[in-house]
Amino acid sequence: MENNVLWIIGIGVFCWTTLFLLLRKAFPKLSFELCNRLVASSHAIVAVSLASASVKNWSCPVCPLASKSSPQQMQTLAVSLSYLMYDSVCNLFEKQSKPDMAIHHLVSIVGIVSGLVNQRCGSEMVAGLWITELSSPFLHIRDILKEFGIKDTALNLAADIVFAMIFTFARMIGGPYLTYVTLSAPNPLLIKGMALGLQLVSAFWFYKILRMVSHKLNKLSS
């Protein structure tokens, strides 16, 4: 792993932690979880922007497959790794631990570290980052609305539907395609396992989202 990548990871962990502490200090009435979600939303916006900027050819955003990672791809992955490291520690202090989120973090961290060490599969990994983070801000908007008491309203339902639509497009259309090309290309076994693991977690979350939307629509019509 290159020294500049290690610097980016270290500075990134410091910046995400500092942002969280500043939010806690500036808005003492906000909950621990909400401040963490604001940091998560900031990371999602940064990650999607960096991932989009690293794509050289949008007619084939995952090309070239199984190739050497570009410096921009390495930097993008390093920024997200720093956030995952911060968030993994932060989640230890939350009241309700979520096993599926812990698995998601573990798979992502192991996969990104492997990609950074081997300096390969940058196209696939950055595409995976784009797919997984695209719906994240809309997920957090749902919970932010709930914290401010906006529950069981048309606005809350609209936020749920928008999140479900973007999640479905990214994780259940783009995700399976990316998993297929990653498994088909001569990628390291660990990277293939990461792609498959993330898609399985996405499928589980998709099932939970369908149940949530169905419940809300039935509740609204009754």
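Glycine is treated like the rest: Cβ placed from N, Cα and C.
According to TrEMBL, the protein carries these features:
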DOMAIN    29-218  domain 'TLC'
TRANSMEM  6-23  transmembrane segment
TRANSMEM  154-174  transmembrane segment
TRANSMEM  189-210  transmembrane segment
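Outside the transmembrane segment (6-23) by six or more residues, the chain places 30, 35-36, 38-39, 42-43, 75, 78-79, 81-83, 85-87, 90 with a CB less than 8 A from a CB of the stretch. Within its own chain, the transmembrane segment (154-174) is flanked in space by residues 127, 131-132, 134-135, 138-139, 141-142, 145-146, 199, 202-203, 205-206, 209-210, 212-213, 216, 220, which lie at least six positions past its ends and keep a Cβ under 8 Å from the stretch.
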